[in-house]
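Take a look at the structure set out below.
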Amino acid sequence: MNSQSLWKERYQAAMTETVKYTRYMANGGLLFTVYFVILYGLVVYGRFLDQLDPSFPGRFVMAALFLILPLYRTSRTFLVEADQVFLLPVLAKLSSFMQQVRAYNAVFGIIRAVIPFLAVVVLYVRTEQTTPLELVLLGVALALFGAAANLSKLEGIAHRTVLLYAFGAALLVIIDMAWMTIVVALLLMVVLHLKRQDHLPLREWIALEQESRDRFYRLANWFVDVPHLSATYKRRRLLSNMVERIPYRAQTTFDYLYVKQFIRSGDGIGLIVRLTLIGAVFMWLASGNELFVALAIPAFAGLTSFQLAPFTKAVDQHLLTRLLPFGNAVQAKRKIIRFAAISQCIVLTLLGFFLSGSIYVVGGAALALVIGEYYARK
Amino acid sequence: MLLDIKDLSGGYGSKTVLHDINIEVDRGELVGLIGLNGAGKSTTIKHILGLLPVKTGSVRINGLDLTTNETEYRRQVAYIPEQPMLYEQLTLREHLRLMAQGYDVEEAIATERAQHYAERLRMTKQLEWFPSVFSKGMKQKAMILCALVTGSELLIVDEPFVGLDPLAIRELLQIFSELKQDGKGILMSTHILETAERHCNRFVLLHEGHIAAEGTTTALRARYGLQDGTLDDLYVAAIEEAEL
């Protein structure tokens, strides 16, 4: 197998899989909620822009984008575990494959940067004195940072290096020298070029691919069941110590197991924190409209409960769970979903009162609790 | 009788793997379940654990049947699988608490038992670790600890020595010996016949879903006329006879 045919074969296989899951996702029930949230977000953002005060610090938002974008970096390499055995004989002849992988990740990074740039630039032009050339340079600089973030991971370059350059670019935006960001971005690209890997780091690239696939599978898993999804868990020592206080009784075995799963997985408490924060931002952006603020509560409660409902899947499908005398799983799961729904509802309701002071918020909260209960009983 | 399998036929879906087998394990006994790959050892274990439905016959542990009282049935038996299966989201200490809690073991006893066996298998340092950082041998030891902390009457053990270091193997065999003295029963599936010969009280030799031979080493030697035969020799003789 040569470098070119390897790339072609792997890329096609990856695209086939991506298309397959995208089709499943497009048919999933959650997509309607996602459409709703996106449309809701667009409307809220549009109204926010209409009412925007020209003194709003738009440059800080653009600077924040420069900082936030490279925080997340993901690289695909299209390699699989078996390659650490079967690619060994041709390892020295894979430079063309490496170039293709780099190009893919750069393009993907650019696309990832352009979408938020388009969202922020409409705010930026309303609040800052700028020229079309400066906007183009800003866009290109941000796109390069998007590409650099992915490429740096591929080349094994420390994340802090990219973040340092991003910080420099953000500072330039703040001090009204936005056009200079392109220089910083180009400098970073030069650094990446000088530090690029000459030989394919097989094990590292296989791990990167696994990590990237897991991210995609986790996203797809919101919509459809993804087999063999490997999950990552965080220790969360403080919360974990609190869970140890669950009474030690045979009847509460599932409570213990599920709560540990809930606090340590990204599908549990991580999901609730993320969606509550996003909901809070939406409510803040819509704070001029009482109805929108109130509607955000059930919308985000629905989105959270829908995604939270299958959080026990990893435990339920485990052979140990089927083998052992653990007690009542259904009740334990319901307790957690109810607790999560009520906690999130309290936070969003209080925020709703703070932002709008409207009685509509009570209606939104009641609807949110009904949705939470529906998913708890499902 | 601790484990009483009577006229069991079973398998996967419509495929029958086991044909009318009878196996008994009494208190204080370590019974070796041996056979070629595909002989039906794992299928037998899955039936005991209730992972496969029984077609005909019965499986009872301590007089209990899975269909009449599943929770109590499961509390009678602990399982050490060939492939370790641990929850990725729990540390070893949390696994041990979970197991003990599920098996309704008194908390103080569970803590003491966990510490005792963790020390003997040299796993005290790993108690706060997640399985993702365990070596293969550590995972196997973790599964052994999980089974031991339950204090169940019957232990089902599938290839327990795979991945274990020599010290751990020696310690595990010593623990099995102590469990037997405490009146527990053990059914162990293994291919390591030399160890099995030295430590098992009896053997059940499965071949193509049938019991080809069973009994003590002495009885098997007498049956096959191999007075100085090792378990390896007896195993080969039993297979040859079954295939005639």
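The backbone N, Cα and C atoms fix where each Cβ goes, and this holds for glycine too.
In TrEMBL, annotation is done automatically, which means it is predicted and not curated.
Pulled from TrEMBL, these are the features on record:
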type	residues	note
TRANSMEM	A:24-44	transmembrane segment
TRANSMEM	A:56-72	transmembrane segment
TRANSMEM	A:103-125	transmembrane segment
TRANSMEM	A:132-151	transmembrane segment
TRANSMEM	A:163-194	transmembrane segment
TRANSMEM	A:268-286	transmembrane segment
TRANSMEM	A:292-315	transmembrane segment
TRANSMEM	A:359-376	transmembrane segment
For the transmembrane segment (A:359-376), distant same-chain residues with Cβ under 8 A (at least six beyond the ends): 290-291, 293-298, 300-302, 305-306, 308-309, 333-334, 337-338, 340-342, 344-345, 348-349, 352-353
Contacting positions for the transmembrane segment (A:56-72) when only residues 6+ beyond its ends and CB under 8 Å are counted: 112-113, 116-117, 120-121, 123-124, 126-128, 138, 141-142, 145-146, 148-149, 162-163, 166-167, 169-171, 173-174, 176, 178, 181
Lying 6 or more residues past either end of the transmembrane segment (A:103-125) yet within Cβ distance under 8 Å of it, the residues of that chain are 11, 45, 49, 52, 56, 58-59, 61-62, 65, 69, 73, 75-76, 135, 138-139, 142-151, 154
